[in-house]
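K.L.:
Starting off with a structure, shown below.
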Amino acid sequence: MVTVSFMPRGESSHFPPPFWPSRWSWENYYELLVRRYIDGAWFDYRVLPALWNSLFVAAASTLLGLLLTVPAGYAFAKLEFRGRAALLRALIGSLVIPGQVAMLPLFLMLKQVGLVNSYAGVILPSLAGIFAVLFVRQATLAIPDEMVDAARLDGASEIRIFVSIILPLLAPVTATLSLFMFLGSWNDFLWPLIVLADQHRFTLPVAIAGIGREHAADGELMMAAAVVTTLPVLTVFLALQRYYITGLLGGSVKG
Amino acid sequence: MTRQERTAWLFTAPVLTIIVLVFILPTLLALALSVTDYSVYALASWSNLSFIGLGNFTALLTTPLFWRALGNTLLFALFGVPMAVGTSLLAALLLNEATVRWKPLWRVALFAPYVTSVVATAVVWRYVLNTRYGLLNYALGAVGIGPVDWLGNPHTAIPAILLFVTWKIFGYNMIVFTAALAAVPADLMEAARLDGASAWERFRHVTLPAIGPTLLLAAVLSIAGFFQLFAEPYVMTMGGPSQSTVTVLYFMFNEGFQWWNLGLASAVALILFVLTLAVTLVQTRLGRRYEWL
């Protein structure tokens with residue numbers, strides 16, 4: 001993938017397929033990220049803006065998602081309140097509903113309130129983190145009750161307990177969860193495809209899919225596009241893979 | 001209300017509100033939508049909307065493309081699930097062998113496709129599968145098999161996409177299996193070895209019962225995943241050639257957001273949901289019978 005993306009135009013379609021470019025060339029990246037000259041006019045694929053859009057959408061949905069789900073997960077694990085058990089059952093039960101069922105009406109609802117073709121519309125569904133709440137709850141259960149009770153006896157407020165005792169203990173879990181959220185949002189395709197109409201607001205996968213439709217034959221250009229899309233997430237994943245993999249196991253394998 | 005209770009509501013109310021607004025309420029609306037003729041006319045004015053009962057469902061029964069999509073999706077699941085679960089179990093077993101070196105490296109390399117975007121990897125695979133200069137045909141050519149038009153032939157398009165999807169989701173199941181294998185009792189394995197059990201017998205009688213629940217979970221999740229296949233055919237083939245890769249979700253997307261037949265599309269979404277639920281229930285039953293759950 002990487003070598004092909006550096007090949008001069010047309011070289012990858014030779015047979016047998018070359019593994020190495022005859023001449024290392026930046027032209028595909030230049031064309032993809034900056035601009036291209038077609039029929040006497042400069043043309044911009046808007047990949048760089050799409051990259052920023054993706055980054056913004058993923059960062060916003062991760063931050064907001066954490067803000068919403070981490071306290072909720074803690075509350076479900078450690079705070080006594082009426083209706084807790086019933087709500088928890090409802091949350092677990094709703095995991096069986098595939099997200100696509102809600103998609104069509106949600107689109108109509110967003111249209112009613114004027115959020116179609118906005119970043120808010122893209123981000124909103126990702127904030128309904130049922131899985132995240134359950135994930136945080138599971139992790140919080142491992143924290144001994146005595147710690148919370150002791151703090152309560154010392155007169156700490158509930159918010160104070162959460163912020164200065166629970167949050168530090170949940171740091172690794174939060175890191176894992178943010179990685180999940182970030183990658184999930186970065187790679188999401190169907191929903192941004194539905195919600196976003198204006199190509200200035202496209203996220204990266206939507207933009208790349210659009211370019212792919214017109215330039216499927218230009219192997220080198222598309223490979224450069226694949227590199228641009230993959231590289232950031234792969235870097236994040238490789239840097240934090242330990243968190244990711246343990247988090248994966250924490251969420252799925254239960255004896 | 002106690003202090004604890006107030007805090008609990010402060011912490012849970014925001015996310016619960018959002019879940020209800022963007023998930024529970026739309027799901028209920030989908031039920032309502034599926035019994036109306038919601039289309040582009042209703043999008044313009046609500047007065048064009050009318051209740052048609054099960055009309056959408058009966059209309060679907062006589063839509064050939066819907067049956068085609070359903071058939072394709074079942075084909076994907078039928079071959080894809082054993083392929084995806086089988087290969088990743090095999091890889092996990094291999095990685096579990098003490099003699100394998102560079103384990104973490106293998107694990108990360110095999111897992112990496114799972115975290116990358118479908119769109120980007122599809123681009124790469126479209127190149128690998130290319131008829132004239134793709135690497136796959138080149139490799140096949142080396143063993144004397146002529147070029148195959150993978151994505152252009154209705155008979156090979158599904159296998160080609162299956163290959164891609166298996167490669168993509170492979171890592172996830174592998175990691176889950178690796179963890180399950182670590183829980184296989186070592187003394188039991190040792191005892192079986194001393195009793196002269198073959199590798200297959202050891203797998204069948206020691207490993208399999210221990211990882212049974214995980215295997216079941218992986219199968220259930222994989223089926224749900226294959227039922228929801230959309231981005232792969234969308235990016236790789238646009239549902240073609242001659243509609244051989246149109247999946248149920250693809251059909252729903254087209255009806256809903258291309259032709260704006262949102263009532264009909266909602267009916268499709270509900271059918272998909274019921275199918276997924278049914279398969280899950282059957283599998284749970286099976287699991288219980290064999291005491292896996």
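Counting starts with 1 at the first residue shown.
Positions of Cβ are set from backbone N, Cα and C atoms, glycine also.
As listed in TrEMBL for this protein:
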type: DOMAIN; residues: B:70-283; note: domain 'ABC transmembrane type-1'
type: TRANSMEM; residues: B:7-33; note: transmembrane segment
type: TRANSMEM; residues: B:45-67; note: transmembrane segment
type: TRANSMEM; residues: B:74-96; note: transmembrane segment
type: TRANSMEM; residues: B:108-128; note: transmembrane segment
type: TRANSMEM; residues: B:135-152; note: transmembrane segment
type: TRANSMEM; residues: B:158-185; note: transmembrane segment
type: TRANSMEM; residues: B:206-231; note: transmembrane segment
type: TRANSMEM; residues: B:259-282; note: transmembrane segment
K.L.:
For the transmembrane segment (B:206-231), name the stretch out of B:74-96, B:108-128, B:135-152, B:259-282 with the most CB-CB pairs under 8 Å.
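P.N.:
Per the Cβ under 8 Å count, B:74-96.
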K.L.:
Under 8 angstroms for C-beta pairs, at least 3 of them, ignoring pairs fewer than 6 apart in sequence. Is the transmembrane segment (B:108-128) in contact with the transmembrane segment (B:158-185) by that rule?
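P.N.:
The answer is yes, given that the two segments have at least 3 Cβ pairs within the 8 Å cut-off.
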K.L.:
Any contact between the transmembrane segment (B:7-33) and the transmembrane segment (B:259-282)? By contact I mean 3+ C-beta pairs closer than 8 Å, pairs at least 6 apart along the chain.
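P.N.:
Yes, the stretches contact each other.
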K.L.:
Below 8 Å between Cβ atoms, which of the listed ranges B:45-67, B:135-152, B:158-185 makes the most pairs with the transmembrane segment (B:259-282)?
P.N.:
B:45-67
K.L.:
Restricting to the same chain and to residues at least six past its boundaries, which positions have a Cβ under 8 Å from a Cβ of the transmembrane segment (B:135-152)?
P.N.:
126-129, 159-160, 236-237, 241
K.L.:
In terms of Cβ proximity under 8 Å, which residues at least six beyond the ends of the transmembrane segment (B:45-67) contact it?
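P.N.:
For the transmembrane segment (B:45-67), the list is 34-39, 243, 246, 251, 263-264, 266-268, 271.
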